[in-house]
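Engineer: Quick one: the structure is below, questions incoming.
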Amino acid sequence: MGRSESQMDITDINTPKPKKKQRWTPLEISLSVLVLLLTVIAVTMIALYATYDDGICKSSDCIKSAARLIQNMDATAEPCTDFFKYACGGWLKRNVIPETSSRYSNFDILRDELEVILKDVLQEPKTEDIVAVQKAKTLYRSCVNETAIDSRGGQPLLKLLPDVYGWPVATQNWEQTYGTSWSAEKSIAQLNSNYGKKVLINFFVGTDDKNSMNHIIHIDQPRLGLPSRDYYECTGIYKEACTAYVDFMIAVAKLIRQEEGLPIDENQISVEMNKVMELEKEIANATTKSEDRNDPMLLYNKMTLAQIQNNFSLEINGKPFSWSNFTNEIMSTVNINIPNEEDVVVYAPEYLIKLKPILTKYFPRDFQNLFSWRFIMDLVSSLSRTYKDSRNAFRKALYGTTSESATWRRCANYVNGNMENAVGRLYVEAAFAGESKHVVEDLIAQIREVFIQTLDDLTWMDAETKKKAEEKALAIKERIGYPDDIVSNDNKLNNEYLELNYKEDEYFENIIQNLKFSQSKQLKKLREKVDKDEWITGAAIVNAFYSSGRNQIVFPAGILQPPFFSAQQSNSLNYGGIGMVIGHEITHGFDDNGRNFNKDGDLVDWWTQQSANNFKEQSQCMVYQYGNFSWDLAGGQHLNGINTLGENIADNGGIGQAYRAYQNYVKKNGEEKLLPGIDLNHKQLFFLNFAQVWCGTYRPEYAVNSIKTDVHSPGNFRIIGSLQNSVEFSEAFQCPKNSYMNPEKKCRVW
């Protein structure tokens, strides 16, 4: 039998025997040792590199922050010559103002992004939505329902006009229909009480400045159809706006007459609307300039209703104007009777005196044409496309925009403005990181402490006033993120909007409902105490606020995001961002307006005469500094150093306090790791992030508008003005003395 294959020998009998193993040569041994050593060194180096701390932060958040800062800046610019160009040059090259925008800035980009979130949360109904949220979503859907809006033309407005004495220019036989029953008191009161529209006389219920727990009636000068009284010069840079304004009136009057089936006499319409412009121009000239209305002590004139009748006896259409009838016509809508002994605060006595001779020159038809027009112009954008388009040239003249914002953007903002707590709930649930609240609370505590410590450095303020200032700073109440109730208390939120009932196909009626609801709510407050725990803003807002009557600072959820704040970004950026904003809002309690209110929010003079005089002297430095800035986009006009003083004081105080708070942080916690790819230390990064918040630009038309209407300086001057006054900035960037960013004369109030 042969052998099994499994047992075959594995070595062939013919395979030669192996040779005896040879030893390694000294060279081979040396090379092997060398390779081993190199391998060990390489592994060690890799291990060391992986754990080596080179002082550079390599986290994804640091990389993102560095990329954002680098992208926005122009490193080739000289920081000591023009820090705006240095900080924002890259941003300006990359960004073009959208056709729908009058200006564009980092602030506006954040607002655009917030609007996207609002759109997402408002457009999708959910079965679990509480009633208040359902109403917000219904209101939004009615607003974006352009098919329904366009199909109705101007009919919703035409149905409403008889409730406000009609619009004479667009009414056949107005004198016969309305003229006999018309009275100025009733006409002005109806627009005010039902729709919150204040024409000729601004009557409103608000907090009593001298007793901030109570509400009181106020009488003030009205807002105007054009942005400011300056526009009514109607020459030079204002000529186009005046022409577009009258053309806007004429176009709407023709549309209404056409829709009513009335004949159109273009010459007659033009004559009537030019008369409206003439009347409004006289009213504008009677108003007091904004720079003369900055002292709340001088604005506050308390008197009884009977005294108002004696002091400001007006006459319209040959009849004495009854202040009592006018007041009660408004307040009767909320079932409140106003006796002649009722106290009223008059903010504009000079206006009322100047108004008297104007009123005798015009007829009821002229007044009603103006009153109804001022109401109609607000409602045109709620009507069909034909009506909306009538506003195009006017919008271009005031804002420089050639296109409307997307419908969904306008609607998201409208719903947010009218149902801020319902929308705030949706925003918070979708986008707000709750842990931010505690970090910001700590920042507020730090910056408040710095403000109080800084009082010791002030040589212009005496000890008595410093003590009162410290008490006020300690009494400031903060509100961060959102009111807890909007998320946790469904019943309270539902009850807030209980009276509102919207229909998806009746957007115009929904708007009217909101106007009535809002005005009724405000008028009813006259006999109620002020709720100082109430938030003065919604959560879905990219902004921050100070209330002098409440001595309260508010930082809504919408602003607690980069570049202002992130729990993950470097602290230098947080202090330069939200830290500066916190300091800014605290300082508002001590600016040219806020300093007149005490720790309880009452208009009380708590300053010694010497300290008050010194404050005005210190402030005057900033009035001159900012008033000397010439803005090319506004035709070379100079900024108004008086109107912008409060904001400029707050900017300067805020940047100084935030920087000192950051220095304290570094002393306590040590230096932070540097950001990758950007050759700046954290002192420099603090100022860079502060500046980049204000990167932006304006359309020339809106620059002309805002230089007269905005109490803030334009972004570039907010950067330059405050940093020119900062010794710490010049030290951080080693700016030579008398360079543009480091002038010898520096202004400081706080």
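For all residues, glycine too, the Cβ spot is worked out from N, Cα and C.
Pulled the feature table from Swiss-Prot, pasting it below:
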ACT_SITE  Glu585  active site
DOMAIN    56-750  domain 'Peptidase M13'
CARBOHYD  Asn145  N-linked glycosylation site
CARBOHYD  Asn285  N-linked glycosylation site
CARBOHYD  Asn311  N-linked glycosylation site
CARBOHYD  Asn325  N-linked glycosylation site
CARBOHYD  Asn628  N-linked glycosylation site
LIPID     Gly2  N-myristoyl glycine
MOD_RES   Ser4  phosphoserine
MOD_RES   Ser6  phosphoserine
MOTIF     16-23  motif 'Stop-transfer sequence'
TOPO_DOM  2-28  topological domain 'Cytoplasmic'
TRANSMEM  29-51  transmembrane segment
Engineer: Mean pLDDT across the domain 'Peptidase M13' (56-750), rounded to an integer, is what?
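Structural biologist: The answer is 98, the mean pLDDT of the model over that range.
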Engineer: Taking the Cβ of each of the glycosylation sites and counting other Cβ atoms inside 10 Å, which one has the highest number: Asn145, Asn285, Asn311, Asn325, Asn628?
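Structural biologist: Result of the Cβ crowding comparison: Asn145.
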Engineer: What does the structure give for the C-alpha distance between the residue listed as 'active site' and Asn325 (N-linked glycosylation site)? Integer Å is fine.
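Structural biologist: That comes out at 41 Å between the alpha carbons.
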Engineer: Considering Cα atoms only, can you say which of Asn145, Asn285, Asn311, Asn325 is the nearest neighbour of Asn628 (N-linked glycosylation site) among these glycosylation sites?
Structural biologist: Asn285
Engineer: Near the Cβ of the residue listed as 'active site', how many other Cβ atoms are there if near means within 10 Å?
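Structural biologist: Summing over all protein chains shown, the residue listed as 'active site' has 25 other Cβ atoms within 10 Å.
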Engineer: Round to a whole number and give the Cα-to-Cα distance in Å for the pair Asn325 (N-linked glycosylation site) and Asn311 (N-linked glycosylation site).
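Structural biologist: Approximately 16 Å lies between the Cα of Asn325 (N-linked glycosylation site) and that of Asn311 (N-linked glycosylation site).
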Engineer: I want to verify one value. Collapsing DSSP to three states, which class is Asn285 (N-linked glycosylation site)?
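Structural biologist: DSSP assigns Asn285 (N-linked glycosylation site) to helix.
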Engineer: Between Asn285 (N-linked glycosylation site) and Asn311 (N-linked glycosylation site), how many Å separate their Cα atoms?
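Structural biologist: Given the Cα positions, Asn285 (N-linked glycosylation site) is 21 Å from Asn311 (N-linked glycosylation site).
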